[in-house]
Amino acid sequence: MKYVLLFSLCWVTASFFSQQKYWVFLADKDGVEFDPYTYFDAKAIERRIKNDIPICHESDKPLKTDYYTAVSHLSDTVTGHSRWFNAMACILTEEQCQEVSALSFVKEVVPMMSTAFMAEEFKFGDLKNGEKLLLKEQTKWLGADVFREKEITGNGVRICIIDAGFPSVDYADEFEHLRGNIKGTWDFHKNRSDVYRFNNHGAAVLSCVGGTTEDGVDIGMATGSEYLLARTELIFKEGLSEEEDWLMAVEWADKNGADIINSSLGYTTSLYFKEDMDGETALISRAANMAARKGILVVNAAGNDGDGYWKYIGAPADADSVLTVGGINPWTGIHTSFSSYGPTADMRMKPNVSAFGHVIAANGKGKLSETQGTSFASPLMAGYAACVMEMYPDLKVMEIYQMIEASSHLYPYFDYAHGFGIPNASRLGKAQIESQEVLNYRYEGDSIVVSINPDHFRLNDEVVINYHSRFLLDKAPKYLHIPDAFISDDSSPKKALPNYVYYHTEENGVLDEYALVAPRQMDVIKLAVNDHVGKVLRVWYDDEMLEVVISMPEEGEQEEDSNETKVNEQEVND
């Protein structure tokens, strides 16, 4: 059925002759011929073969020429197009929009959205001692030492960075080892190959994927990978750009053989609402899933709205097949307050995993600086993913995706702040081991009590760290003991994972609440049974998860210890 979406609240007062960008979706590609071997880079063909994807798919074919010509004649300007969605990006007046929509081969015409980009500020100056330690820990927490021992650097993996500009990449020392491995560049605003100017965010992101310092310290882990650099965002114009640019960049990455796409896009404004963050409504989310179906691992930042009005992830981080990366505070070892929360609007778990959200990165001026944002957690994870791909070259993209999740420190436990936690190379492909009986539970009066086995108890005299309910998230305090700020000048990041107990309750596949507590005694959790009957309680501590369905205790069951289901992190990693 044909329809035209001409207005939203943003355009109610627009005049009949005002111009607006639209997507014009076409009906078919009947009769279009296509030779994938002349269109695709050889690595794109190889990726399709490895992932059992057709080399010639309808979505890869170009638009039908006569359709394209007819729409062009009715448009002021055609600014781009999408093969994947058989669509044209056009500037139209309302009158032209009506004329285009009346064409028999036009399926629909919809306004183009503006996307919000996650821009961050840099802290300039020479690195202090705490910052030097942060530089080492941002990759060490992901198991960089394990990769280095095996000489794994992401070799043979091609990564596309979609960002706002890459100044200094063509001359700074942090990128000297990468310059010979840059296999393609394109500026989607200027329609030229020069991307080495404009906003420095892209240079910082690239450094967190595979950069090194002058003295050989790795900023990111994929120092041996190949790169594609795509400039799409206009940071200096209020952080906004059309979704057209991102979509065309993703298709360009596919054509040019990318194995991984790293993106810092986070759409949480304009015409979309929180209920639209379901992985299916936003065009860019659909495009991200399309990229995954073509064998590309899409790694996207969760967003920086955790302590703002929006709070939740946006598009395309809401897409089912996107590896969405949340931010960790290096000084607490847990979710950093600005990192956006899950779940998606249709209640799927997001983020998938987490990495440091406060990092040391190249600042685009030939120096290193401290900065923060989930758009730096994402490239750290992209570098990790490239190393996993090199280590397991025969795995398909979704097998890599699942292996990364399973290597996370909380897996199979999860919550809407950390996902499965922080991946680490030391946990990749771990064999099963027997449960250590770390946690026990018992019914006590009208409560269920979870306790830590004395052999595993480690005192932590910090306060309760965090508590969230999906019903109370907007009102719940974030952190009680340490602020999120630039504090690495005088404070070193944690050297190891924090000694906390994580727990959540789940009903009908959705988390009602989730919390972190610092164990000060062996009885660490006490919940009222009447409030939780039928819910699944999961508790994680010391690499083991307890899972139990809460029920009304039968007579004689109270005060008895039970070990309903204990899952060791290494058991489920196999």
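Positions of Cβ are set from backbone N, Cα and C atoms, glycine also.
Quick caveat, the model's predicted, so the values are computed rather than measured.
Annotated in TrEMBL:
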- 154-421: domain 'Peptidase S8/S53' (DOMAIN)
- D163: active site, charge relay system (ACT_SITE)
- H201: active site, charge relay system (ACT_SITE)
- S375: active site, charge relay system (ACT_SITE)
- 553-574: region 'Disordered' (REGION)
- 563-574: compositional bias 'Basic and acidic residues' (COMPBIAS)
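TrEMBL feature annotations superimposed on the structure.
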residue	record	DSSP class
D163	active site, charge relay system	strand
H201	active site, charge relay system	helix
S375	active site, charge relay system	helix
- prompt: Reported as an integer number of Å, what is the Cα distance between S375 (active site, charge relay system) and H201 (active site, charge relay system)?
  reply: 9
- line: Cβ proximity for D163 (active site, charge relay system), under 8 A, sequence spacing 6+, ordered by residue number, returns N199, H201, G202, V205, L206, L229, A230, R231, T232, E233, S264
- prompt: What count of other C-beta atoms do you get within 10 angstroms of the C-beta of H201 (active site, charge relay system), across all chains shown?
  reply: 28
